[in-house]
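Since the structure comes first, as structure tokens, the remarks are kept for the end.
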């Protein structure tokens with residue numbers, strides 16, 4: 001059973017993982033790649049446990065339309081260093 | 001002196017939040033030999049987040065360990081720490097309260113100052129920006145105010161103030177589910193603290209946050225919840241008082257459930273989301289209304305005969321300690337977070353077998369849950385000499 005339904009806008013783009021992520025109760029992250037989304041995949045899995053979530057999104061938003069990218073991955077966060 | 005037991009999880013396989021020095025799940029309670037903790041003085045309080053732990057000593061110092069990739073450990077870096085390390089930048093302050101969110105941390109000093117560090121993507125650090133901070137930075141909004149408590153959820157934070165005209169609760173971070181309680185209108189992100197509604201004239205004893213939930217207990221035992229609904233109920237944009245005659249003394253929030261303590265008895269609401277926290281056949285529902293906005297309290301079975309002293313909730317698991325010093329857990333067990341020696345889920349409380357020496361100190365065990373891990377502390381009489389923790393569990 002899907003742990004939760006999560007809208008794509010509530011997921012975070014993770015540059016390192018090259019995937020959209022959402023917190024998993026185990027402490028790790030549910031993950032789904034842009035390639036998965038383009039294929040219409042709705043399930044984001046956690047690499048550390050059996051749980052998965054259903055990603056709510058519009059597949060058209062992820063099909064290649066170079067001039068029109070509705071969902072831009074957020075930029076790397078600036079880090080404040082002491 | 002204390003001794004520590006981590007029951008736990010691994011997590012990212014590798015964040016070290018159990019403090020065992022190993023980066024793996026442990027299915028049974030492991031006694032932790034934490035020399036850095038022992039030398040820092042007795043631990044008075046723990047806060048467990050997504051995969052990190054903050055330990056507050058009775059001398060007002062803070063040690064942190066576990067996942068540090070967002071700066072949530074406050075060590076001026078973004079690396080994990082498998083062992084407790086003193087948060088050096090807080091050394092000049094006497095810290096009285098701490099809270100750990102998914103990837104952020106909050107610290108309150110005896111002078112009422114608030115410091116936050118870690119992930120700030122959703123504004124949950126309260127600095128007016130969306131950056132991460134790798135060491136605790138004072139939240140300037142509260143510079144002239146007296147902060148009493150901080151509560152960190154997945155992507156939001158709550159603050160309890162003792163103001164001149166009474167207690168005030170503030171929220172910042174993600175407010176999408178109503179978890180900030182600051183307006184009836186839908187909001188998304190708030191990076192500067194805003195006052196939560198509905199507490200005028202109410203004396204607040206404590207605030208709590210986890211997942212997208214928020215809660216407050218008033219001094220006279222009333223429970224207020226806001227944010228994501230429990231057990232399929234609607235989200236609440238502003239604090240809602242639970243309509244019940246119970247006088248609650250403690251609350252613990254998970255990601256889809258809550259435990260409340262009243263008169264030594266434990267009630268739960270929300271629990272069936274993941275299907276393992278409650279067994280409807282065994283529960284005794286105390287329904288208050290057919291209104292879908294209101295929660296249904298269920299008495300947790302299997303705890304009869306002994307009063308419960310402490311309650312704690314992880315994302316999808318629960319733990320309690322009875323007056324006899326018995327530790328019981330239930331819920332999701334895939335990572336060994338129930339400490340029962342297996343990875344099974346449990347629908348009712350199961351007794352955790354601690355070492356004989358650990359358990360015989362009745363009533364002095366305290367329990368804390370992170371998202372997918374659990375830590376118990378035994379606090380012995382402070383007048384006793386330090387115990388050298390040399391036995392295994």
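From the backbone N, Cα and C atoms, a Cβ is placed for every residue, glycine too.
Features reported for this protein in TrEMBL:
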type	residues	note
DOMAIN	B:13-376	domain 'RCC1-like'
REPEAT	B:60-111	repeat 'RCC1'
REPEAT	B:112-163	repeat 'RCC1'
REPEAT	B:167-220	repeat 'RCC1'
REPEAT	B:221-264	repeat 'RCC1'
REPEAT	B:264-324	repeat 'RCC1'
REPEAT	B:325-380	repeat 'RCC1'
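Per DSSP, the repeat 'RCC1' (B:221-264) is made up of 0 helix, 20 strand, 24 coil. Helix, strand and coil content of the repeat 'RCC1' (B:167-220), in residues and according to DSSP, is 0 helix, 28 strand, 26 coil. Per DSSP, the repeat 'RCC1' (B:325-380) is made up of 4 helix, 22 strand, 30 coil.
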